[in-house]
Amino acid sequence: MESQCRPNVDGVHNGVESHVKVVEKPRSVGSSSEFVLRILGLLLTLIAAVVAGVDKQTKIIPLTLIKTLPSLHVPVTAKWSDMSAFVYLVVSNAIACSYAAISLVLVTMLGRRGKGGRVLAVIVLDLHMVGLLFSANGAATAVGVLGQYGNSHVEWKKVCNVFDSFCHHLVASLALSFLGSLSFLGLVLLAILNLHKKSSTK
């Protein structure tokens, strides 16, 4: 009796041939979006850190000590390590880049089988990266505005009219860093959307 009820190896059950097609479930859109955003965050923060980290320009500046004497021409170098705000920008992007690489590996390994605690830890760290990058971008932007326009109230002169290449590289680094912070912000928003979907389906 048991042999009559069991299907044969070739897919024949009680004299009727059946064709079973196994279809793998495609990766969800949310997982694909998360992967893309982490790759973008990794690349953007890496390039931002490199662009700012190699930023350096030397110019010959005329220096007048006494009005009756001719000006002295002194070589002056502007580099990112001269200002703490720019150091903060480079270090923050380096941290975010390293975290993006590690989180990319973790998320790939965890997949859908990841425990809730580990997934929540990644989301919290994503949120920390958003705060870190936005604070670094804000600090560097404030110093950059002073370099571009100066401050007449405290007699701070603008320097970007002299070190133009230096300032242009910093603007490019800031733009990349800002886009990188938006990538991490997108990850946080995506996580909130996924949590909302899970709670609504329960």
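Cβ coordinates are placed from backbone N, Cα and C, and glycine is handled just like the others.
Annotated features, as they stand in Swiss-Prot:
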type	residues	note
TOPO_DOM	1-33	topological domain 'Cytoplasmic'
TRANSMEM	34-54	transmembrane segment
TOPO_DOM	55-85	topological domain 'Extracellular'
TRANSMEM	86-106	transmembrane segment
TOPO_DOM	107-118	topological domain 'Cytoplasmic'
TRANSMEM	119-139	transmembrane segment
TOPO_DOM	140-172	topological domain 'Extracellular'
TRANSMEM	173-193	transmembrane segment
TOPO_DOM	194-202	topological domain 'Cytoplasmic'
*How does the topological domain 'Extracellular' (55-85) divide up by DSSP, counting helix, then strand, then coil residues?*
5 helix, 16 strand, 10 coil
*Which stretch from 34-54, 119-139, 173-193 shares the most C-beta pairs under 8 Å with the transmembrane segment (86-106)?*
34-54
*asked:* Counting by DSSP secondary structure, give me helix, strand and coil numbers for the topological domain 'Cytoplasmic' (194-202).
replied: 8 helix, 0 strand, 1 coil
